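Participant: I'd like to ask some things about the structure below.
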Amino acid sequence: MTIDTRPLIYGEEVASTYSSIESNVQSGYGQQSTETHDDDVEEVPLSQIPNLFLIQLSLFSNVFLAGFDGTITASTYQLIGNEFNHVSVASWITTAYLVTSTAFQPLYGSFSDVLGRRKCLFFANVIFAVGCLACAIAPKIFVLVAARALCGIGGGGLVTLSTVINSDLVPPSRRGIFQAFQNLILGFGSIIGAASGGWISTKIGWRWCFLLQVPISLFGTAVGYFYVKNQKEYELTRLSKKSDSFYSVLSEIDILGALLLVVGLTTQLLYITFVSSITSGGILWLKPSYLFLLLTSIGVLLLFAYNEEHTKARPIIPRKLVQGNYSFCILSLAILIGFASFAYLFTLPLYFQIVVGDTPSIAGLKLAIPSFCTPIGGLITGVGMSKSDCLPTLLKSGILLMALGNGLFTLLRESTPNWLTTVFLLPNNIGQGMAFPASLFSFIFAYSRSDQATATSALYLFRAVGSVWGVAGSSSIIQYFVSKRLRLSLKDKLSEEQINKILIKLSKNTQYIEELKGEIRDAVVGSYAYGAQKTHIISTLFCVISLILAFISVKYKPNTFKKFH
C-alpha cells in the first residue's frame, strides 16, 4: 500500500487516503462515475481498508448518540415542560431539534461531496457537542429550545454522514452487514435513552440527559478527526484543481439553494408546530399570521426547486433523484412512515403518564422493552438485503408490521395489563427497524455510487420532514380532540369559561390533572386517551398508504438497481 502525502486544497495535508490502495482496486471508500457500477470492479478485503475499526468506532458513537438523543427527549420533554411551567412549549424541545436537523440534513450529503467527508463530520460533531452542553446549562425553556435547535444543526449529520462514509468505505457485498450493525447501535442508543431518560430526570435531574452526551460526542469527534479520510473523488478533484482559489471551490456549493431550503422547511415546520398549540379558542390552523408562514414556505420551496434546476453549482437535491414514479413512491412512503414512527414514539409517553398514570421512569421502561425489537428488525433487513430481490419484501413486511402495531395501540385501555401492552407494542418496533433501512437502500441502490451520498441525504430529508410532521402533527391532533371532547363531556357540568380555564392550565402543566377530582378528572383523562387513539388511527392509515406505495414501486424499479449486488 502506498502512502499519499500530496497536499489537499489550501496546503492542508492528511495521512493516507483510501484512494491509495494499490492495484487500482475500488475499496468502496470513494465514489465512482455514473458510468461505472459496483459490480464492474474487484472488491478488496476489509482487512486492507486502513483504520477500519477506529473509523467505525467514531461513526457508531455518533449513531448511538442519535438514537439516545431521540428517545431520551421523548420520555422527558413533558417533565421538563412541567418544571418550567410551559407544557405548551415542551414539544419544541424535540421539534426545534427536528426542524434544524431536517433543514440541514440534506446539506451534509451535497456539502461533503464538495468540502470532503472529514470536514463535514468534524463540523457536525462539534456543533452537536456544543449544543448538548448549552442544553445542560439552559436557564429558561426558550434558551433550551434554542440550544436544541443548535444541537439539531450538528445532529442532522450524525446518521447521514455515518451512512454516507460507510457507503464510500465498505464494499457493496458487505454494506448490508455494516448497515445492520449501524441499525443495532442506533436501536441500542434508543433503548438506553428510553430506559434511562425518566430515571435520570427523576434521580439526578434532566440536565444530565444532555450533559452525559458531551463526552461521548467529543470522543467520536477526536477519533473521527484523526482517522476518517476524504472520499476518493474529492481527493482526485482537489488535486486536479489545487491551484484554484477559495472562491472557485465556494462556487461549487449551492449556497442559495441551501438558504432557500433552510428557510422553506423552517417556516413550514414552524407553522405545523405553532398550530399544534391549544388555546381557549381552539386550534389556530387558519390564523392569518400562521397562514403567512405556510404560504411563505410553499413559495420559498418552489424557488428552491427552480434554483436546483438552474444552478451552476452542485445541486443539493438533483432533479433526477426526485423525478419518476419509483422515486415518487419511495420518497412518499418515507414521509409517511416517518410520520407514523415519530407520532408513535412521542404519543406513547404522554399516554402512559396521563392516561395510565405512570411515572416518567416507568413510562420510559415501557418504551425500552419494545425498543429491543427495533435493532432486531434492522438486523433482519441488514442480513436479508444481501440479495437485492429481498429488499421489496423486507420493505413491505416492515410497513405491514408498523400498520399492525399502530392498529393494536387503539385497543389499549387504562386497565390493559402491562404484559399485553408490551406485546401490542412489539410489531411497530420490529417493523420500524425493518422499514427504515429497507426504504433507504431501496432508494440509494437505484443510483450509481457517485450519486449515493446525495441520494442518502434526500431520503433522510423526506423521512425527517415526515418525522417533524409526526411530532407536531400528533400533538396538534391530540390537543384538538382534547379540546373538542372535553367541551362535549363537560358542557352540562361547567360553563364555557370554566372549561377554557381548565384547557389553559393543561396547556401549561399537565400535572394539573392531579388536582382535578371525580367526573372532571375522568373527562380530562378520557379526552387524552381519545386523542391518542385518533392519532394512531391516522398513523395506521398512513402506513396502509405506504404499503400500497411499496407494492406500486416494484413495478417501476429501475433496471440499474440489480447492479449493486
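Glycine too: its Cβ is placed from the backbone N, Cα and C atoms.
Below are the features listed in TrEMBL for this protein:
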- 55-558: domain 'Major facilitator superfamily (MFS) profile' (DOMAIN)
- 120-139: transmembrane segment (TRANSMEM)
- 145-165: transmembrane segment (TRANSMEM)
- 177-199: transmembrane segment (TRANSMEM)
- 205-228: transmembrane segment (TRANSMEM)
- 249-272: transmembrane segment (TRANSMEM)
- 284-306: transmembrane segment (TRANSMEM)
- 326-347: transmembrane segment (TRANSMEM)
- 367-386: transmembrane segment (TRANSMEM)
- 393-410: transmembrane segment (TRANSMEM)
- 430-448: transmembrane segment (TRANSMEM)
- 460-482: transmembrane segment (TRANSMEM)
- 537-556: transmembrane segment (TRANSMEM)
Participant: Let me spell it out: take the transmembrane segment (205-228), skip the flanking residues so only those 6+ beyond its ends count, and list any with a Cβ under 8 Å from a Cβ in it.
Facilitator: 51, 54-55, 57-59, 61-62, 64-65, 68-69, 72-73, 76, 79-80, 83, 117-118, 121-122, 125-126, 128-129, 132-133, 135-137, 165, 197
Participant: Where else in the chain does the transmembrane segment (430-448) make close Cβ contacts, counting only residues six or more beyond its ends and a cut-off under 8 Å?
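Facilitator: That would be 32-37, 163, 167, 176, 179-180, 183, 187, 321, 326-327, 330-331, 333-334, 337, 341, 373-382, 385, 388, 391-392, 394-395, 397-405, 455-456, 458-460, 463, 553, 557-558, 560-561, 564-565.
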Participant: Counting CB pairs under 8 Å, which listed stretch among 249-272, 326-347, 367-386, 460-482 touches the transmembrane segment (537-556) the most?
Facilitator: 326-347
